[in-house]
Amino acid sequence: MVFRKLPGVSASGMGLRLSQKFVFLLFLSGLVTLCFGALFFLPDSVRLKRIFLSKTEVQAVTVGSENDVREHPKRPGKEQEHLRGMTPAKGDSKQKSLNRKPSVSHEEDAEAAGKAQEDTALSRSKPESASEKATSADHHGASSDAFSFKKFQKCLLKATLGTDGGRPADPQTNERREKVKEMMKFAWDNYKRYAWGKNELRPLTKNGHIGNMFGGLRGASIIDSLDTLYIMGLMDEYNDAKEWVQTSLDLNSNGEASLFEVNIRYVGGLLSAYYLTGEELFKSKAVELGEKLLPAFSTPTGIPRGVINLGSGTSWSWGWASAGSSILAEFGTLHLEFVHLTELSSNPIYKEKVMNIRKLLNKIEKPHGLYPNFLSPVSGNWVQHHVSIGGLGDSFYEYLIKSYLMSDKKDEDAKKMYYSAMEAIEANLVQKSPGGLTYMAEWRGGILDHKMGHLACFSGGMIGIGADDGAPEKRQHYLDLAAEITHTCHESYTRSTTKLGPEAFRFDSGAEATATRLSDRYYILRPEVIESYMYMWRLTHDPKYRDWGWEAVEALEQHCRVESGFSGIRDVYTMTVSHDNMQQSFFLSETLKYLYLLFSDDDLLPFEDWVFNTEAHPLPIVRKSCMQNEATEETTVSE
């Protein structure tokens, strides 16, 4: 290259000026680099990054400090079981507050934050949010793969509400069904009168309860009741609930929520309400809320943490969980709802998240084929070898067989996982008492704890609905095992003074199906035993299951019904009951719904078309080929 000499300027002078400019520019660029480097790498720089980066590009995962305190919303007792609705005992400081300690290092958080940035960008890369996309596409036909409610209805094998709303021909059975309907109306009317918009009713003090489980969301009893009111034909009450969702359900909360509880109650309740009614309102709310749960999956393994701030998207593990672990029954109870979120939104991210969980579980070693209750979301390794079909583990197994059934029996991976788990459960946990009662013990590092929780009593129904699809030679065996487990749970009711079952019962020191500890003697309107009655009735039509259900109705009326609603009781072994002043939302969603179905004909929410989530919200079987055929036929007609 040849430099031309400028007039009046010597070559040496020109070179000097160019070198000065070069040094100045070099200094200036270094200064800018230093400033921006400090901006991005100084501690707590995430807030500063938000000045320059959009919110979707930065999704930090935070955990609490040692000084932070969280109350476990389920059961913050000694064993920290996954038991919903337990109120801490007075005087037990350990139950009232538990430290939430850091569960990951700064380096691990940086890795998680990077993953969060990638995931959030994926979920929000389009101009519209997933919920907006689902709504606008359905209204305007903007997307060829948008979910069509009309196509969905054509793919159902039977009428959802049966030929006559499931009304039984037998007068006595119908009278019992009407009694359950009256109980629902009584519970609902009192909730509306004294606690409208709150999460649950306190029937003794006649006021509402909010709690800290739902991250600032309100109306848990309303969302949980939508489908129950609808299938019972309580249309005035249903319309009041729908109006509240339309006008008052605010999803822009900034509180700290249980991922598990928000999913099964709110997302599940809204999904179910949409599939039953076709109301777009419920679909858009479900997808909008589902999107707010996605940041919980932003961990090194993709295993979500148990607590999420619905406003900021930050998440952390429960303070009581060992070494910052995630809980099997929590991260394992997302599959049904998240598959349907993908169906409705046409956004694959929801299904991808839960399939990633399954992929990791298939990869890691399982002690004796069992799934322990605690898993690190950072390392992907088991933290403790505690196995339970009750609290902490329960609904993980339920969602395996139900994922298979909900896939129209196409999800072979879920099927394999379920039946392999059943083999391990039978080999290690299923026990027979000296009195001949079959029960599910708990497994603690190879040592059996001969205790069965009320929550584990769902397993009678679970084993029953899985009987048909295992090895043909084991079908009757599974039905027999389901019947034996359900019988044992019924015994836990009949051996109490109130004819209601305790929170947990034992099979040691001469006790059989009886609570031997004062802390296990309460009943909080739980549904699991009645749930198994309903399933076993549908599978066998043995009239004893309806008789057992009616025994439960009479006990609820006698001991739990108070002037302004229904309340749990503190001791099932005394006739002078002490009420706990709480009408749980799952009493409306599960207990009363299962009783109503028990006394209805099988064509009300037929099993050929519907699977219930763990909060008893019915979700439809996904028939991909049918939906695609309907879409093809519709396109051909339009052409």
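In case you wondered, yes, glycine gets a Cβ from its N, Cα and C as well.
Automated prediction, rather than curation, is the source of TrEMBL annotations.
Bond annotation: of Cys457, Cys560, only Cys457 is listed by TrEMBL as forming a disulfide with Cys489. Cα separation, Thr614 (Ca(2+) binding site) to Asp394 (active site), rounded: 10 Å. Residue pair Asp394 (active site) / Glu528 (active site) shows a Cα separation of 11 Å. For the active-site residues Glu261, Asp394, Glu528, counting C-beta atoms within 10 A of each C-beta gives the highest total at Asp394.
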